[in-house]
Amino acid sequence: MSKYTILDKINTPSDLKLIPESQLKILSAELRAFLVDTLDVSGGHFASSLGATELTVALHYVYNAPDDNIVWDVGHQTYIHKILTGRKDKLVTIKKDGGISGFPKRSESEYDTFGVGHSSTSISAALGMAIADRLQGKSSNTVAVIGDGAITGGMAFEALNHAGGIKEDILVILNDNEMSISDNVGGLSAHFSKIISGGFYNSIREKGKEVLKNIPPIFEFVKKVETQTKGMFVPANFFEDLGFYYVGPIDGHDVTELVKTLRILKDHKGPKLLHVITKKGKGYTKAESDPIKFHHVAPSFHSGENITTKISKPTYSNIFGDWICQKAAKDKRLVGITPAMKEGSDLIRFSQLYPHRYFDVAIAEQHAVTFAGGLACQGLKPVVAIYSTFLQRAYDQVIHDIALQNLDVLYAVDRAGLVGADGATHDGSFDLAFMRCIPNHVIMTPSDENEAYHMLEFGYEYNGPAMVRYPRGAGIGAEITGSLDLELGKAKIVKQGSKIAILNFGTLLPLAKQLAEKYHATVIDMRFVKPLDEIMLDKVSQTYEIILTLEENCIAGGAGSAVNEYFVAKDLSNKIIVRNFGLQDKFLNHGTKDLLLAQSKLCVENISQELDKLI
């Protein structure tokens, strides 16, 4: 007999609506158990979905998706949503090749109204949907679900301001679990904490509800008193000042109260915000105690089966974490900045050693970059630790605020290239292309851990903006040496051959060496995308018949394109054969990194097929 007596009856939201409301609490417990059992096999984002279980059940119980629009922010919390919308049996395939995505994806399900992976986009998208439906005469409801971490992003404020200003009929649900991936920071987060701890304020609201129940004729009077009460005990309610009808905070794990509240709000027209308090990791004791550790889990996290202990190589993030701590000890001008990715960027130790020189600016990439510029103007040396995919969000600031003024800012760009299971929303496919065209920048692509360490040092000491890009995960185990012969814009010949030259940019150097063994080719570690080693390119063009470029970045506009541009400018394009190998002009699905590299033709077999045609 199945232990999922209620869940077994549910494949779609229509099935969910047939379940008596009195059984929703039991269903929520079954959903958590199912999530634990499934992710123990597959792995995946865990704690966020546990925290949003009752909220997800209530939303699909009250609203009529997909006719009603439910828009999720970031997507870490949507595994329960996937279970309730026809993907229960596929959850075990999540983030696997050919399986379902770890994030909402429009091409995957009609219930995934908006594709997501980055933060703070939900309110903007939901507002667009609400207006579009209204203009087309549809009577649908639109809900945006956003966390207390994501709502600190500036884009969320812009959307709130717009929605409140035009009085659009939209519900924003603030899922306040006091815990995004890294601890929330900033004034708004502190404001939420004050609300949560304000027992007197909550008791006032509960008494107000009783008054409303028992004396309906004085509804408007009580509403006015409640507004005044909030003004007395809570600093001016931010959301009501923006034009939203604010409700809450309420218990986000009381599914009965959630259903009741959502039904009321469904009939209340105009912009409204429901503030729910949840606990990330709810129902799984270890995740409740350490939600950061259980934000994402590996297979066998629960059963403990097949878990082996092995000593792994340091990741590139670890190399950065070591470098910044060591450099900070020597240079008091160094300050470290991250947009809410302390753990992922390996800044934990730095934040502990140098708390007054560590700045987590929350999900605010634009602010992070310009803030760094301000620090640089006053003589400090800021290091911005940021993922490649999130650097995209601060492009204007990189150009206008840093490059134009030639300020000393070092970008430590993590997760450059393919990231694997998280898919296209998190791949760092474009940074070389969009950074290379900006004047005043130095761009470095280390081929191993030792180069990464010394390029960080070089970029820090460089007078002007510099960028070092490095991939997710471990390197090849290269030892960090005391020094490295590193000169601005100079490449290094790794292996000497004939006829074929392979110009490698970054950590695909092992692939270049494999090809060199097969074709007796010369391998050159280019090291710098900007400036290019033009002397080396001149020698290569005079010596070799075939030139290959390798990079884990989009081909269009990337490092290989820079090489092409140089050869065209020198009128050499008709005298040599050049082939660029990098990421193709398409978005890749999730999968293992080796699989995605092969799909991008970045493997010995695919490159050999191309080379064999040319030889």
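Note: Cβ is positioned from N, Cα and C throughout, glycine not excepted.
Per Swiss-Prot, thiamine diphosphate binding site is recorded for H76, G117, H118, S119, G149, A150, N177, Y284, E365. In three-state terms derived from DSSP, H76 (thiamine diphosphate binding site) belongs to neither a helical nor a strand segment and is classed as coil.
Taken from Swiss-Prot, the feature Mg(2+) binding site applies to D148, N177, supported by sequence analysis. Cβ contacts within 10 Å of D148 (Mg(2+) binding site), excluding its own Cβ and spanning all protein chains shown: 21. D148 (Mg(2+) binding site) carries neither a helix nor a strand DSSP state and counts as coil.
Each of the binding-site residues H118, G149, N177, E365 was scored by the number of other CB atoms within 10 A of its CB, and the lowest score belongs to H118. Around H76 (thiamine diphosphate binding site), the C-beta neighbours below 8 angstroms that are at least 6 residues distant in the chain are H45, S48, S49, F103, H295. Rounded to a whole number, the distance between the Cα atoms of N177 (thiamine diphosphate binding site) and D148 (Mg(2+) binding site) is 7 Å.
Binding-site extent for thiamine diphosphate: residues H76, G117, H118, S119, G149, A150, N177, Y284, E365, maximum pairwise Cα distance 32 Å (rounded to the nearest whole number).
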